[in-house]
Amino acid sequence: MLIQIADLFTPAEAAQIRARLEAADWVDGKVTAGYQSAQVKHNRQLSEQHPLAQELGGLILQRLAANNLFMSAALPRKIFPPLFNRYEGGEAFGYHVDNALRPVPGTAERVRTDLSATLFFSEPDSYDGGELVVDDTYGPRTVKLPAGHMVLYPGTSLHKVTPVTRGARISAFFWLQSLVREDSQRSLLLEMDVAIQRLNQDTPGHASIVQLTGVYHNLLRRWTDV
């Protein structure tokens, strides 16, 4: 399941965030990579302890909590604090799979990376390359979204970022642990949730809506991992 979430931030908001990030101090992106990933990771990141990273990360979490599509698709239990990266001058991140577990800095918490997310802050016409390529059962899927838009995809996916040959690609990225760890089960629940919402719009008050909602919650009860 690969889900695009539009307009988490407006273009104007994304531009303001991008301007603040462009002026920040960046460090080698290998600091958050595992051993294998570090071999193919060539980018820069904002330090996890940087005040700007913490401020913007908190703002992203607020927007996510208010986004119905995100909440329905992800069914989040834990969200790793968002990180920020920058690619330019040929920088890229070769094919890799994200670490299964991420310790949350400064806590005893660990987040199982059921889902990965990239939130774009650079407009796609402002840089060449920098596509996120996610391999799934249907083959490679290429993602390059407008500023303020986000993509959500399974943490089990093999993926890469192609070299940025012009301009700079600035984005946020993070992982989350879902209440439902299996991607196929989350996909079914999302389809059912969307169908129930459409039925509510088309035939409000229909008795079948209550029955279908009960089926949704019984499946969620069966599959939830808390």
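Placed from the backbone N, Cα and C atoms, the Cβ positions cover glycine too.
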Exercise. Per Swiss-Prot, which one of His42, His149, His159 shares the Fe cation site with His96, Asp98?
Worked result: His159
Seminar exercise, completed: Taking all protein chains shown into account, the Cβ-based neighbour count within 10 Å for Asp98 (Fe cation binding site) is 20
Problem set entry | Overall pLDDT of the domain 'Fe2OG dioxygenase' (78-178), taken as the mean | 97
For this session: Fewest other Cβ atoms within 10 Å: which of the binding-site residues His96, His159, Arg169 wins that one? Let me know.
Result: His96
For this session: Round to the nearest Å and give the CA-to-CA distance linking His96 (Fe cation binding site) with Arg169 (2-oxoglutarate binding site).
Result: 19
